[in-house]
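Structure record follows, encoded as structure tokens.
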Amino acid sequence: MSETAPAETAAPAPVEKSPAKKKTTKKAGAAKRKATGPPVSELITKAVSASKERGGVSLPALKKALAAGGYDVEKNNSRIKLGLKSLVSKGTLVQTKGTGASGSFKLNKKAASGEAKPKAKKTGAAKAKKPAGATPKKPKKTAGAKKTVKKTPKKAKKPAAAGVKKVAKSPKKAKAAAKPKKAAKSPAKPKAVKSKASKPKVTKPKTAKPKAAKAKKAVSKKK
């Protein structure tokens, strides 16, 4: 009995480990299948854009181009047809000949130009974002400019004081300019001279009075 008991307990251990290994292998296989390359629609659009035929690319010519790129055409034949139909329905490809997947296909220039414009807009937005990141550096320069602005008022105060001294000195010049007023008053003196000159005219009759007195004395003596 003692020999059979350990055999029963040891048997379940490998049964529990085996399912975990199977799950990991399945996940790894699924990851490998997903990472096989770009989708069929991208390969078809590249092949059609590379062709220089004006009438468009036929289905057999498209398969040859895909096979040259290393794509397995025989296994993915149904995917190629579905990809062509979806691209025609979206408007990226235009079917010039035939119906369905059979026929010739060409790139839609309007759709291609519409896809190119959003890319240009994205690049413009990226360029606009770069200056936005560069702008915070400018405020640092302005901070330096503020320091220079603070220093300048000290220099400005000195010329202001010098200007005040000059203004204080200017009244002396004004006093010197005021002196000619005294010189202007001097012409009033000739008026006084004129008055003196007029006085002798008044004094002349006074000088005549003594003569009259002398005449009176002479008359009295004669009497």
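Each Cβ is built from the backbone N, Cα and C atoms, and glycine gets one as well.
Swiss-Prot marks one residue of Lys34, Lys185, Lys191 with the annotation N6-succinyllysine, and that residue is Lys34. Per Swiss-Prot, the residue annotated phosphothreonine among Thr25, Thr36, Thr92, Thr96 is Thr36.
On a Cα basis, Lys106 (N6-(beta-hydroxybutyryl)lysine) lies 13 Å away from Lys90 (N6-(beta-hydroxybutyryl)lysine). In the structure shown, across all protein chains, Lys106 is the one of the modified residues Lys52, Lys64, Lys75, Lys106 with the greatest number of other Cβ atoms within 10 Å. The distance from the Cα of Arg54 (citrulline) to the Cα of Lys46 (N6-acetyllysine) comes to 16 Å.
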